[in-house]
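Note sheet for the following structure.
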Amino acid sequence: MSFFYSLFAPLIFLVTFIYNHVLLILFTVCIIGAAAFFVSYYLFGYSNTPSSASSSATPSSRNSPNKERSKKVPTILETDNEDDEIRVNGSPKSGTPTNTQTIEPPTSLNLNMVNSASGSNLSGARRMRKRDWAKKLYKSLVQDSPGRTPTDESSDEENANVVMGGGSVPRRRSKHGNSSRRRQSTAFQLAKDLIRRGSRSYFRQNQENNKDTRVRPPQEFFEPTDLPEIPQNLQPEIFYILHNLKMLELPSEWKLDPREIEVRSFQAGDYIVKPGESDDAIYVAIDGELTVHIRHMEGKEYLVKCIPAGGSFFSLLSMLDILMDFPSIFRTVALKAADPCRVAKFPITSFRESYHKNPEAWIRPIQIVITRLLHVTLTTLHQYMGLSSELMRRRRDDDRHRNGSSTSKLQLSLSLKKKEKPFNINDNEQDQLIVARKWMAEAFGLVADDVVSEQIGSKIHLESYEAGHVIIEQGAEEEVLMMVLHGNLILAQYGSDFFAQIERESLFDEENNEEDESAVIRVTARELVGGLQILTNEPSFYTIRAAVQTRVAIMKKKDFSAFLEAHPEIYLPVAHSVLRRLSPFLRGVDFALDWVLVDSGHACYRAGDMADSLFVVLSGRLRSVEKKTVVEEFGRGDVLGMMEVLTKKPRATTVLAVRFSQLARVPEGLLNFIKMQYPQVGFRLVQLLGQYYSQTNRRAPFAAPTVIRTNELGATDPMSHIKNLHTIAVVPASPDVPLVPFTCELYHALSSNLRVLRLSSQKVAACLDPSVLEKQADFRLMHWLNVQEDTYPLVIYECDFTQTNWTRRCLRQADAILVVAIGGKTPEKQTLMRELMNMNQDGVRTNKELILLWPESTKTPSGTIEWLKNSYFSGHHHIRAPKRMLQWNRKFRKMSRAEVMTPTSVENEVIEYYEKNVFWTPDRRSDFSRLARILTGNAIGLVLGGGGARGAAHVGVLRALREEGIPVDIVGGTSIGSLIGGLYAETPDDVVVETRAASWFNGMSSLWRKLLDLTYAHSAMFTGAQFNFSIKDLFEERLIEDLWISYFCISTDISTSEMRVHRSGPLWAYCRASMSLAGYLPPLCDPQDGHLLLDGGYVNNVPADVMRNLGARCVIACDVGSIEETNLYDYGDSLSGMWVLLKRLNPFGTPPRILNMEEIQSRLAYVSCVRQLEVVKKASYCRYLRPPIEPFKTLDFPKFQEIMELGLKYGREACHELITNDRAGILGDEKETRKFKRQQSRREKPDVSRAVSFTDLAAAMSKIPVVRPTLRHSMSLNPSANGPVGRAGDHFLLDDDLFNDTDYYEEESSQSENGNESFTEDEDLVIGPPSSSSSGGNVSENPRGTTPRPPSS
């Protein structure tokens, strides 16, 4: 037996070895076979048998003569692309010369080459032909290789030119070139390239698909349009005058008479307008530059504004004086020529003639003037500069001019005032009503006959108020017109901290919390109050309070409108009653404060322009762009260009109008002048500056630059640009979209925390008139919509299903456009939105959000990329549509297409259903509520940090958030947080997340997977294949675009050394990149650009700042990272490794805590992350959570349940505390949410140098420029010195003075009406120290225009 065993032992061992290593043997055989194939293929070809030779030669013998074949073999040897040479040169075209030099063998030899299978020449030809075929295959494989050099490309081009150029001489290889080419074409090189290229085939294909699927924004999205040129049929002066008067919307009856235009030329320094001249014309600069100055005592002049060519010098308030026949003159305002220029002067006295002919036609222009006064002048000076009482004329100065009128009828009534019986509070109510009628008629400029008295008496009622009673609160919308009959009222304003009143987040909260109410003006008997509110339809600008026991006559808005229809001439006296209370200071400032109207696409300013003014957005929307990249967007209430004005730097970005916008322009000279006149303005501006610098959504100066995927399309992430929205247009993508139910659902979700108005064509036609929808631009409709936008914080415009005038109007009015589509259907080739964009430019620059509606039973969305690749969308949202939205679909199916496009009856039914059943049951966790919070800037973001197995605590925190009713609108994470966040974004159900996360943690606990994934540690210990398989099995091929909730994850790009924020692409790949710990897993090659990505924890382990930049107002950050020990051993300035080793080996001592090389490298890698985390902890927007997970290690994946329960316990306590301490009511229940008002936009301003500190900017803001005042005519007008006139450094110091520089002229007959007060010249002071001004406005000026006398000492 031993003999047989020893005989067959090797055989038994061989069989056993083969049986146990079948795969290894097969792999070895395949490798050897492949190598043998390439070697034999390169050296000998496939075969040398006669049959193969015959088969190879037969096609040639059939297709061409023997003589032709004899020429082909040498030709193949001389060119690089022999097949093409055979095809082109083998049968040369007629008339094409050929210079190919070949040696023709004898014919007998050619026959032998064809018929003999053993001929050596034919065998060599075959080998060369096959070798060249392999070369061609190799070139086709590597032609797209990124490693190709320009030399290779040029060689290919030369070869193509040689081959395809008919009749050209084939290029012969040089000796060196041939050897070099042979080395690159070896079989081993081919195999190497096949392996290398094949391993990247998936990622290359993915990259090409991603580049093709995303649509770039249109060119108009970033670049402003050019200004319109002057029509050739119009003279420049006519064009400029009409352009500057366009904002008034003058009646069609008024026509411009070119004969009234006077054009004059001026030299530099010449006066165009001097103090004392009449203010009854508009001045327009045809060419050159003009400067506006304020003239003071002793001939001092102060530059406050520069007017370029095309600009105008005119105050709209002066127009009311002219219409009221009040002589208006310039007090101290002067206009001078900075350069040699031409100026057009147009007298506006023709306005008065047109007004007297048709007062009703001038109601709209008068309303525009009063609205401009409120929106531009009063709002800017009060809310942004902190002025209140300075804006109104003081009582002792105003007493003389109350009830002043210019009409002859009213003058007659004023002359009889002293003979009238005064109002007696003890009279009966009927006698009081008679007096009230008469006084009200006089205030309206009417004759108090029986008819007028009867009409007024039916529309007014009398009320009595005790002292201190508040009649109307500031900001109230109660529109009434009141006349004081007895006693007096006080108009007061609260503190001017605009942002603190709205958001209560001011830098000086302690001061703003105190009630700061200041009395502005006192209103006495026979004066009107409330005209500003009733004419503009705006909330009250003042708080009206009774100073003593007061008796007033009140006319409500509807009664005033009815009386106005009968007597349209009363509109002007009511407007002038507002004008008479304005202080001389405000009337002077009005000349320098510009009302800028910017149409869609036009630039407010461009990059590189001098920053000589700041802008306040009154309405509309603007976008700041830089190098085809969106920096930010501005909405109502935002301030533009303040930082650049302070730092005196050119504009860093270009700001263009997204839609028609109105702005208030404050020149730098005017800003400095106001600070000199009222130094407290400087403190207010410092406070405003501090509000911008205290914003927590500013990027930290040390933060790594973020690369968001939409940057490749020329824009930053759009979610941060949809804040501060005031108007939203909803456009259906197809006729089957339930548009009316969608707008009702959105209205329901938005109305939980602010007032919302939903407008459709049907509702507008019912409120106004169906005829307003027939015109493309109806002024009545435009004004009505503007009033609604001023009244309601948010307006939803519901578009029609077709291209109607109403649809175009909605797009023009919209700050953002929501394109609603059915998610389960493929996008149509021609949608309504695309048709609208092709037909006109309305809304082409507006951010468009794609809304995909899905049935409630949908598990996960899919196919989102098909929608995104057809049209450009700045963002997308997935919404589960409740079943109630689809209950009207059957009715739509029964209707014709025309009936579907105008669903009037169905709309009424839908609205009625929602009003009865839906509007009273808010649901904060619905998808519509999530969309509403994102649109209003109140999104709640959840950030999950990295920490390995400790990330199981995130699952517990998610369950705690759900139990406490805290919704999550955006999810982001790093490392393990990206995986848990991806699970929640894919399925927003904490139970499902827990199940799937537990399964993945269980797989990560397997030791065999780790052993099978081990490899030679060149880049990492593991290949990453098993880890990739586990994540792929979890997410499959899900894309980030197909997640229910907006999601991002963080990775570290070691190719460019920056942080990457991923918001699109394959979910598993970027989760894998975010979890790739260096040394354990190799970096992931980005599927889009091939960059190497590692764990995001190296740069930002808790990306709360990224979440804030994406638009989240409240960020809940859960940190599960390890805490590094800081109590280390102090070993001095040198360290011996042997000493440390001996200390650790000593069993009787405690080893010192000294970092080894691996720990030092790890801490260096996390330096920026640790610093970022400290900033996040201190941020006011961040709610920082840290479960007690210190006992657990990074790789404790088997302890999932234990860690999760710990996170759940901690999360319940933390969430309860968050809701308790949430003063803003963002995280609380519905009742708390209703107390919250929408956040106003206070985003960061365009980038300025970070070297400029807040202290430097505050000093620049509050600094009063010290300049040397000069006498008139001595001002330097050289624009080459320190820039154009009117820029920084060209202003003049203003001494305290009586600021009587308005165009205000009062009737002398109105002085001391009741005879109960006496005035002297010294008492007629409004602002500043005593001066020589006399009473009555115009009396203080010399009628001849001479220099005013100096003030008395």
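Including glycine, each Cβ sits where the backbone N, Cα and C put it.
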In Swiss-Prot, of the candidate ranges 694-713, 914-933, 1134-1153, 1274-1293, the one given as region 'Disordered' runs 1274-1293
Long-range Cβ list for PHE444 (nucleoside 3',5'-cyclic phosphate 2 binding site), cut-off under 8 Å, min separation 6+ in sequence, same chain only, gives HIS567, ILE570, PRO573, VAL574
Least surrounded, by Cβ count within 10 Å, of the binding-site residues ALA309, CYS341, ILE534 is ALA309
With neighbours defined as other CB atoms within 10 A, the best-packed of the binding-site residues HIS293, LYS357 is HIS293
Least crowded of the binding-site residues LEU245, LEU462, VAL480, VAL552, counting other Cβ atoms within 10 Å of each Cβ, is LEU462
Nearest to VAL480 (nucleoside 3',5'-cyclic phosphate 2 binding site) by C-alpha distance, among the binding-site residues LEU245, HIS293, ALA309, is LEU245
Going by C-beta under 8 A and a gap of 6 or more residues, the same-chain neighbours of ILE261 (nucleoside 3',5'-cyclic phosphate 1 binding site) are GLU237, ILE238, ILE241, ALA344, LYS345, PHE346
The answer, for which of the binding-site residues GLU277, ASP325 has its Cβ ringed by the most other Cβ atoms inside 10 Å, is GLU277
Among the binding-site residues listed as LEU462, ILE534, VAL552, the Cα nearest the Cα of LYS357 (nucleoside 3',5'-cyclic phosphate 1 binding site) belongs to ILE534
Of the binding-site residues LEU245, GLU277, ALA309, ASP325, CYS341, the one whose Cα sits nearest to the Cα of VAL552 (nucleoside 3',5'-cyclic phosphate 2 binding site) is ASP325
Restricted to the domain 'PNPLA' (942-1108), the mean pLDDT of the model is 90
Per DSSP (three-state), LYS357 (nucleoside 3',5'-cyclic phosphate 1 binding site) is helix
The rounded CA-CA distance in Å from ALA309 (nucleoside 3',5'-cyclic phosphate 1 binding site) to ILE534 (nucleoside 3',5'-cyclic phosphate 2 binding site) is 37
In the three-state DSSP scheme, LEU245 (nucleoside 3',5'-cyclic phosphate 1 binding site) belongs to helix
Row ILE570 (nucleoside 3',5'-cyclic phosphate 2 binding site), column other C-beta within 10 angstroms, all chains, value 19
